[in-house]
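**Q** Have a look at this one before I ask anything.
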């Protein structure tokens, strides 16, 4: 026993393990609880009220819009003032009296409607497996985020905004601070309107409000810029590129060299990425009246064999790519919408087409019968030309965002619709003050992306569920930001011989600089002093001035201005005798041949008369 006690005592003095100790990590449950969306809202009275946001979203919104009447923190119990007066009656007695006096049926419990709404939302989430439990926000933009693109692997996210910038996020390299690793300004002073990854995810297309689309590689380096057409050529088929601002653009889903763009000049163009100087095909949509009506949006189908374009007059036109095809559309829906179209989306089987418009509606079209839409969903306000539609990975649902209206109490919503029954399934509140513009449901990550914003801020909300989603937001949320260690501290080197080299000299004070400038006659613009003594540099020193003419005039006698007092006729005639005796120019040439001039003699009689 004594040996065992001695052994245990010695063993207690040593650590349990040697080498580098692992840092204490926050459990995943605590991390996901911090980003959980609490769906219970005690103040909500209607189904249109928004569910409360996650803590990260609430902190971000509060930092942008601080509340005018902040609630004071609750005081601890031990700071309560001493009670004065008789104690209050017990609550049970009052309750009994109220129960005796109550007339009519008992009121419902206060949170009954809320619990029903929450249960309905939970049922919808479990039925369709919508990842809605948690939320994070990718921040950084100062205006509404109008463009979104997530690559096929789900590792990189691109967001473009009305603040003219494009931000790149990498889930693998991001920590819980959710900061972008690169920021670009594709075209100065032009909004970013659309972003699209190539099929291989090694390049992406950036469409701005300018007439030229740009191609970037995966790291954000510019690979090329498409040419701009000649705006003075009337026929758009003869121009080499777009002549007005772009509205939309999308990479071919199968071919990595082909790109489709639409523009405000009223044309769609197909480009080859290897040739930035000219397009492959120009498509002019069918118009009821001749003119230029902008093409507001465009899209490919899943196989890239079909193109759809939304025209500014509300029509929807579809072209099938086949040998010898031209600008004549194969499917023409004349009055698809009453206003401009902001988004179009094909289903995977190519039978269903979804369209979103400024008129506040979403329409479902059967391409086999396009005279009337299958279903029209109203009351979906839209104020942005980039509001789109997205399908769920299994295409049982489709979703779109709504814009915030001035007089409405509901904020930006994400609306989910059932494709089979063609009915509204769920309305999820994303932001109480910002509009939802672009949305995307990534099939591999099983996470929903929604871009929001207004005139002062913008962000990309990512909805996920730790039990349903994979990678993506789960990776970066669990990665805590690296703490600053003592190795990160860099002390500035102190140079003890500061004037050894000009590089290390301190800048002179401003007072010394002014004194030095005053001593320099060129920098101080000092006037020249009069020269005394002999002259130099073309200046006569004895003149007591700066010019030779002043010296001569002062001496007097050498320059006399007498022309004011002389008669001009006498001044000329005084040279007549000299000119007659010694002619120099014209007279000697005619001296031998010219007769003597004979002047008429005046008659004295005429003069007397």
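From the backbone N, Cα and C atoms, a Cβ is placed for every residue, glycine too.
Automatic prediction, not curation, is the source of TrEMBL annotations.
Values in this document were obtained by computation on a predicted structure and should not be read as measured data.
From TrEMBL, here are the annotated features:
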| type | residues | note |
| --- | --- | --- |
| COMPBIAS | 36-65 | compositional bias 'Low complexity' |
| COMPBIAS | 83-92 | compositional bias 'Pro residues' |
| COMPBIAS | 114-123 | compositional bias 'Acidic residues' |
| COMPBIAS | 515-528 | compositional bias 'Basic and acidic residues' |
| REGION | 1-123 | region 'Disordered' |
| REGION | 505-540 | region 'Disordered' |
| REGION | 590-609 | region 'Disordered' |
| REPEAT | 138-179 | repeat 'WD' |
| REPEAT | 239-281 | repeat 'WD' |
| REPEAT | 295-322 | repeat 'WD' |
| REPEAT | 334-375 | repeat 'WD' |
**Q** Are the repeat 'WD' (239-281) and the repeat 'WD' (295-322) close enough to be called in contact, which here means at least 3 C-beta pairs under 8 A that are separated by 6 or more residues?
**A** yes
**Q** Mean pLDDT across the repeat 'WD' (334-375), rounded to an integer, is what?
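**A** In the predicted model, the repeat 'WD' (334-375) has a mean pLDDT of 90.
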**Q** Quick one: DSSP breakdown of the repeat 'WD' (138-179) into helix, strand and coil?
**A** 0 helix, 21 strand, 21 coil
